[in-house]
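First the structure, in the form of structure tokens, and then the observations on it.
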Amino acid sequence: MINVMYKNSCPNCGGDISADRLLNGLPCETCLPYINGIDGIDHISKVKALYNILLDNDKIKNYWNLYYNITTFETVFKYFKDKTGYEPWSLQKLWLRRLVSNQSFTMSAPTGLGKTTTLMTYSVFIGQDVVYIVPTKSLMEQVCKRLEKLGAQVSCGKVDQRKVSVITISYLNKNADSITSYKPNFVAIDDADAVIKSGKTTDRLVSLLGIPNDVYESAIQLIRLRNKYYFSNEFTEEIKEKIRELELKIAEFKDKISQLVIASATIRPKGIKQKALRLLTGFEPSSIQLYARNIIDTYTDNLDLSIIKELGSGGLILVSKEYGRSRLNEIKKYVEDLGFNAKLAISGRKFLDDFSQGKVDILVGSASYYGVAVRGIDEPKRLKYVIYYGVPKIKAKLFDALSNPFTLLRVGKMIGVNFSELQNKILVLSPSEAQLLKFSIIKGETINYQKLEQLRQELLYYISLVKDKLKEIGEETLISDNFVIAKQNTNYYIIYPDMITYLQGSGRASRLYNGGLTLGFSIILVDDKHIFEILKKKMQKLFPNTNFTSLSNINLSEIKTKLEESRKEEGNRVHFNISTGLLIVESPTKAKTIAKMFSRPSVRVINKVPVYETIIVDGNQIYVLDVVASKGHIVDLTLEDIGYYGIKIEYSGIIKPYYDLIKKCLDCNKTFSIASDKCPYCGSTNVQTAQTTINLLRELALSVDKVFIASDPDTEGEKIAYDLASFLSPYNSNIYRITYHEITKKAILEALRNPMKINTNLVMSQIVRRIEDRWIGFTLSNLLKTKFNGHNHGAGRVQTPVLGWIVDKTIKYKSAMGYVVYIDIAGYPIKMHFSERKKMEEYINNLQVVKIEKIFEEKILLSPLPPFTTDTLLIEANMKYKLPANLVMKIAQDLFEAGLITYHRTDSTHISSVGIEIAKEYLQKQGLIKDFVPRSWESSEEGAHEAIRPTRAIDVNELIQEIEENPYKYSIRFSKLHFLIYDLIFRRFMASQMSHAVGTKSRYLIKLNKNDNINAELLSNAEGGFIKVYPVKVYNLPLGEVKPKVNTGKGSSEQLLSYSDVISLMKSKGIGRPSTYAKTIENLVRHGYIVSSKRKSYLIATNRGISAYQFLSSKFYDLVSEGTTAKLMSKLDDIALSKLSASTVLLEIFSEISTLVNPLKSEQNV
């Protein structure tokens, strides 16, 4: 039996505790030796029961904090119910938990979900030292009345620290000096846009929050330093130290400011003061999230507004911005002439009050994202339909827009400017580099960073080329898939559809009412067919079920009835189940990718860890999720002196591996797992600990309904999930494991629909592998260090046989050194080896011409290769591009985390029905559907891995086009190699789903001289089928006498091993796994045992490596031979399948090591 132990991790006393206890939500045995009667009770009751038992036994310590939080939550929930008359629902509970935990954050939910009610109830709960800020005086009066109704002592229109003070932004700005000494406990902002837009208002808010001016100025200085020096040649150690000082000063003060909660915002902070506030509060005001749409989207190809006569009262007309204010007035008059009361919705709130009271039938406003008509109307009962007078558009002067490198690239390619040299430089820009280039071009400033300054000069040159080309084109309107370029008067404009304004504006007609979403009706009066088609395409990408129907196909009478029915008290509305959760992934990139995939997430930074809040909609189920990265493993086997290298083996046969939190030294970048805040390698105290992540995850887990652990779908990922579940179980009992093999919306939704339990068999397999690695590695490394009197020695079961292969080939290569003649015949290489220079020279002198005869030829069928597995991808990338395995794995990891390919650690060639459909879609649009041959390649159990394939039907050119159109879509920084590897994966997969090709196999007799005849059987032609996307090498040799290309050099008759050779051997001999191919070679390089040749990436053993291997193989052959290693790998697989006992295998390994190693240790001379 294996009993996993965690060092210093008891939630009560901080002592050692077993995983079993943590998973059951219990303290350690020292705190509670015996426990009965709590099985089967809910989490809150369990916490209370355990608290009382600990208290009765005088053992209560840190568990008091958990009990306090739980009971405080209960208190505020009860208070909420007493005040409002109903239980807070899931999302309100999340907000209330955050509020009583003193967190600052944004409530990024649509109107109708109880944001204002929650904020008001919490304000009353606090009772005093509360400042509630609203944008207008009329709203202030409404809030005051509601607060008084809830029982608050209210100060309406001025600040009184003994009460709940409700004030306007205007009051804050005018009376800032009189309230400088006042620091409230809690500040609520109903609409943050006024603060975000105005630097002056930000100054006033900073003062109100109790942030000293010097700290505020430090935050501003920090942002300026980062902006100025990040890409500068002057980014010296002195500047870095100054940045560190400022960061420390801000961090020390963060917990001392007032709690700030923002109920809504529609824009993001851009000014330096607003960014400083974000830095100080730890969160960014985010736009209101779009939870779902319940809208009928329609269009008509004219600007006829007479449809109003049939739809009647309750409409909003949004006029495209280019028509100007005068057209709004004309439309208002037209509506009034039809017999309706109309009013302009341009500013203030009077128009909305009149509309709500039924005094106004139709509102007319501007189709502007920041306009009150688009974002300021919330009338679920009155507003039923929205008419867009003209397609909503964004229009900018083209020459100004060209300062954006990506816009320049797209426009230039559209009009035929050759960007081949510049394209790769632009595509690999980071967002901050692109921004810096953009602003330096606009301002005409140079960049104090040579690489970017050179690129700026190139961009200016290409801008001039684009301008000249446009002058040649003249008046013609240019249309692309994503924008239109038009000349109006003397200026060129670039025009895009304004999809966000369409979504926000049409969303005014579909609001939450009585727990459901009303039906809305949207009509676009199309004034530009090209822009409308682009809008349709973008909408369908974001909402695949979107379908714009021609108004001529709509029964308006039926629609009008449905709209009215939807607004009745018991009407037919779309209802939702909203639940809150914590989604834990391994990497920050993956967290960002998933969060961005479903919505525009809000971000809070807690203890330097970004927490993304995203909305995931799955039909009527809505998840409000905090997405956080664990950054891989949080624990590792302890380095403390416990048992045999951190593992105790008790007489009863129980094995206790002790795990400690992983810490990372930020100076030497090494990780360690001991209970010390000092790096054991370099002595630095600049150490980062996983405890920070665990504390944050516990805090977040306590606030949500469920926890979803989504670490990678392999044994390492399962162990990470097991550890996370252990640490979080005392704080939330609803913990689930979810897995996915690709980061796509469909895969994430499927995973959330099918939560699982942690697979303990996979966990045990990983534990055995890690313990075996620790025992073998530490034991042999220590012997190597003793033998060779040096550091940085290492050994392991897999590393040692691999080192042996490289050592063997290196020795043979060196012993067979001589001279080599390289002969090239029309691309076909021949290599001849000679032991002596003289013989080589004689051979060359006799080699004037080569005679070639074709002696046989036949037609053959060529079958496509299966899609890539980890080993075949590494082999192919090395053979084609000479890339080392660790670099290919890093790139594949990036592509996976960006959601572009399926999981890259796999030994399966299976392709799912989803993958087959992707191939069909791509081949269809490329006109290659006749070559489509669906293949699953191998059977696969449910949930098993797939081969490595793309997640969408876009090739590398389409991917590049996507990045040009939306450079910030993906959360990784692309390089040329990312495109190379993606292209390789994509084409190999597509080929695997295509028909056979027809090839010609030719046999040639190549006569080099009298004695050297070579029979070469070569593929001389290949065409059709999969060859169209994945060409193969062909040799079409000329016949007769040919003068060859000849080169000479020193060389060997023996071939060194390449990365691809080693990976092939690991696979064929059964000692490699998808997770170990690259790591094994990387470790051998790190220990200085092998080096890689620069030109051809051959692996060569060093003298150090040869000595280490000869010692290990002579003393421990039975421990590290490839046969023994292969058997162990097989046993690990059997443990994962529950065919073998993990503890039995570990005891065998321990016995094996003891038998071989202990006698050697006792020898005098190791």
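Cβ coordinates come from backbone N, Cα and C, glycine included.
Straight from Swiss-Prot, the features:
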{"type": "ACT_SITE", "residues": "Tyr903", "note": "active site, O-(5'-phospho-DNA)-tyrosine intermediate"}
{"type": "BINDING", "residues": "Gln92, Ala109, Pro110, Thr111, Gly112, Leu113, Gly114, Lys115, Thr116", "note": "ATP binding site"}
{"type": "DOMAIN", "residues": "759-1157", "note": "domain 'Topo IA-type catalytic'"}
{"type": "MOTIF", "residues": "190-193", "note": "motif 'DEAD box'"}
{"type": "ZN_FING", "residues": "1-40", "note": "zinc finger"}
{"type": "ZN_FING", "residues": "662-689", "note": "zinc finger"}
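Shown on the structure are the features that Swiss-Prot records.
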| residue | record | DSSP class |
| --- | --- | --- |
| Gln92 | ATP binding site | helix |
| Gly114 | ATP binding site | coil |
| Tyr903 | active site, O-(5'-phospho-DNA)-tyrosine intermediate | coil |
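Listed binding-site residues: Gln92, Thr116; maximum Cβ neighbour count within 10 Å falls on Gln92. Take the CB of Gly114 (ATP binding site) and look out to 10 A: across all protein chains shown you find 21 other CB atoms. Mean predicted confidence for the domain 'Topo IA-type catalytic' (759-1157): the pLDDT average there is 93. Distance from the CA of Tyr903 (active site, O-(5'-phospho-DNA)-tyrosine intermediate) to the CA of Gln92 (ATP binding site) is 36 Å.
Taking the C-alpha positions, the distance from Tyr903 (active site, O-(5'-phospho-DNA)-tyrosine intermediate) to Gly114 (ATP binding site) comes to 40 Å. Other Cβ atoms within 10 Å of the Cβ of Tyr903 (active site, O-(5'-phospho-DNA)-tyrosine intermediate) number 24 in total over all chains.
Counted with DSSP, the zinc finger (662-689) comes out as 0 helix, 8 strand, 20 coil. With DSSP states grouped into helix (H, G, I), strand (E, B) and coil, the zinc finger (1-40) comes out at 5 helix, 5 strand, 30 coil.
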